[in-house]
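What Swiss-Prot says about this protein:
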- 9, 10, 11, 12, 13, 14, 15, 16, 35, 124: ATP binding site (BINDING)
- 100-196: disulfide bond (DISULFID)
- 100: active site, nucleophile (ACT_SITE)
- 125: site 'Interaction with tRNA' (SITE)
- 196: active site, cysteine persulfide intermediate (ACT_SITE)
- 341: site 'Interaction with tRNA' (SITE)
């Protein structure tokens, strides 16, 4: 029997529940831990943390494992949410899930688990950890449609050395099948979507409570005024919905897309047509780099990159590499490259790391 102690982050969802189940079957001393990362407006209408905790508790009872609830909302506000607001205020579109993983789920949670005497932590992420000669690699999850390595690229060697991903080798359908077979009550529970602290709440309504609104003009690239925006923070590159632009006399009937923002003049730029050249970029610049091995990848080697979750891998090369910034060139132009989002670099199934997109050409 393997009596190593592992603390499993249990969200109330099927993935983390099956992760706990598998570890228990493998003989680990399993402790469940439910993380509460957000306090404000935790109402039934928009946020389901109370229901999620009850689901996690129900599974813990069935598995006969202890479940602890811990509140990381102060850490979340300081390390994740404050940066989220600052990025939006600067006109960028951040991905808080990336920071939540590196700062909360694999830092605050890991520290707490170690204080409980844990040897390992585990989560229900679709990813895998391999150790080769004392180096820990982060690999894509086996289920390509659910792979979550994109959100985990900021993890370091110390974090990965303590991490188990029990369902990383499984497909989602297999996870649900295991949950159903063992009578877990959340076997058919819907996957959570959206940003964790916003829940199902309308995004503009949420952001408007924290940042001042500054409406302005919407321009075409040749300077024609075609509408008014509600505040640059509400829009992201490539956005089509919610622009409120009607038909232009003698103009094209193709849909409008956001192509850029000018924070100095408070102008939102739009173009018509999904394949407009202004929406395509052949290279990007990234900063705040994080490399899983601790060392940067080779310049000029052919790698693959994702500039958004679930994107098909795009062949690329690192054409300039400095201490904390790099330029990445693509074999084919990429659509909707968005400042504030993460670019993540892969070598086959191995996630090497990445950075935050700052610019593109």
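Every residue gets a Cβ built from N, Cα and C, even glycine.
The Cβ neighbour count for residue 13 (ATP binding site), using a 10 Å radius and every protein chain shown, is 21.
Between the CA atoms of residue 341 (site 'Interaction with tRNA') and residue 35 (ATP binding site) there is a gap of 25 Å.
Remark: residue 125 (site 'Interaction with tRNA') has 15, 141, 148, 151, 152, 165, 167, 168 as non-local neighbours, by Cβ distance under 8 Å and separation of at least 6 in sequence.
A Cα-Cα distance of 12 Å separates residue 35 (ATP binding site) from residue 100 (disulfide bond). Cβ environment of residue 9 (ATP binding site): 16, 33, 34, 35, 105, 109, 121, 122, 123, 124 lie under 8 Å away, each six or more residues apart in the same chain.
Residues 9, 10, 11, 12, 13, 14, 15, 16, 35, 124, recorded as binding ATP, reach a greatest CA to CA spacing of 16 Å.
If you measure from the Cα atom of residue 100 (disulfide bond) to that of residue 13 (ATP binding site), you get 17 Å. With a cut-off of 8 Å between CB atoms and residues at least 6 apart in sequence, the same chain places 34, 35, 52, 56, 124, 192 near residue 11 (ATP binding site), listed in sequence order.
Counting Cβ atoms from all protein chains shown, residue 15 (ATP binding site) has 25 others lying within 10 Å of its own Cβ.
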